[in-house]
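Q: Take a look at this one; I'll ask things after.
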């Protein structure tokens, strides 16, 4: 018998010791970590932390506007195509249905680099001034890469941890919400205070991260782990510390002029906190590795007859085959519109998209994310119109990014806790978030000294909270079988709302007010290169309209609450627990046979 490894009948509470003293065992453990669910989740954290470049549009949009001589309507058109690319993820979802995850991530990396690198070349004058539609294509292409990161990392992680999907989505989208502040710290450390170089960093860094971890992220068998929730709370604590650090640095940077060395120091600390979850995951994988080599819960294993395990597997296989046979008939009109599965079962793509529940979600998303995206895209110009300096405007963007993170974390973890303990439906949480958004929009419509700080916090929080709720609701109502396509389809209302509310409402109203200001000065549009409006009235009418639309979205969400109240009163995770227990029993039976 090898030293350090104890066989025989283990007692409950025994510590399992493994021979970790030579290179072979260390290599085995390292391979186990690299191929495990937790390291895949860590890689997903890093990819999602680089997938929020679209939220930095308010920082570098001023450079695009000044370098290329755009008016606000043209800049808002670019913002629409950015939102269109960021939210039309059906293409990435359909690709993920027929190709492996590594291919999805590589396509996203290529699109990210190509789109943003061309924008950087245009802004710095390395190429001739492009036409507006060229810029629209580039920013749409770069922003669309975010969907490939979402599909590759988020969908895979949800399938690997289905019982904790609220926590999972909250964490992953939370890191995306933090990415704006993280990228800001990195570009200040690498390039200094140069917004044009920020575009270059956005081009190469997220693409490089996806390429490095391209083979790490993949679907794995779900195994029951009793302390799984505790691990997620460790990650939550680390993420909150990272967010608080970034927020403090943002506020201190506003009050104190940082040297380049100070920026390098803050970026180093931010990266260290970003990598800290890896230590938590290695510890968890060590526990999994030990249990894999020697079962430590013999009473449970003794009562689990291998024949029963096989019978469970056969039954689950039979049920799955029957389910597939049912879905194969969904081409018929009656099956698509009338003979739909129960809520929580696997809908086909057409069944889900043409359901009343999805249409209500679409309307609520149109109102909620459409108004929030409009506010985010105009935040830089809002600060300018109210007379704030450039450094303060960047603080607004960073604060919005950080509170975007807190909104995602809050809606993910709190909604999951309320759902499991009190059967509190997620659509009701969505309603409350949309009502909160109305307050932030009205603070911009009727500003007072310092109100933009408060508005940035509220809008960032409510905007971030909507996405995990939307993705969780879709997975709960329509199942996980076609989740990679359905969750991307769920975002389609967002660019439509952004186009109508931003390009057709907010931009023209701003330009109309700016022309009035020019006329008062006796000037015309041709006499100025950049059309700018200064004053409290610049965004008042537009944001009163946005607040009204957000309130209507809250009413639509309340309708979904009424429709799904019975569904959320039940146990929506029961089947996933049963699957995980069956897998655990199978693994335990295999280990017993191997040992004896």
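In case you wondered, yes, glycine gets a Cβ from its N, Cα and C as well.
Note that this is a predicted model, so its numbers are computed, not measured.
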Q: Can you check which of 61-81, 145-165, 229-249 TrEMBL lists as transmembrane segment?
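A: Transmembrane segment, as annotated by TrEMBL, spans 229-249.
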Q: Examine the ranges 18-37, 38-57 and name the one recorded by TrEMBL as transmembrane segment.
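A: Of 18-37, 38-57, TrEMBL gives transmembrane segment for 38-57.
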Q: Any contact between the transmembrane segment (542-562) and the transmembrane segment (427-446)? By contact I mean 3+ C-beta pairs closer than 8 Å, pairs at least 6 apart along the chain.
A: yes
Q: Pop the mean pLDDT for the domain 'Nodulin-like' (37-281) in here, whole number is fine.
A: 86
Q: Of the stretches 38-57, 169-191, 197-217, 261-282, which racks up the most C-beta pairs under 8 Å with the transmembrane segment (229-249)?
A: 261-282
Q: Below 8 Å between Cβ atoms, which of the listed ranges 38-57, 102-125, 169-191, 261-282 makes the most pairs with the transmembrane segment (197-217)?
A: 102-125
Q: Hey, which bits of the same chain come close to the transmembrane segment (102-125), Cβ under 8 Å, at least six residues off its ends?
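A: Distal contacts: 47, 53, 60, 63-64, 67-68, 85, 92, 95-96, 134-135, 138-149, 151-153, 196, 199-200, 202-204, 206-208, 210-211, 213-215, 217-218.
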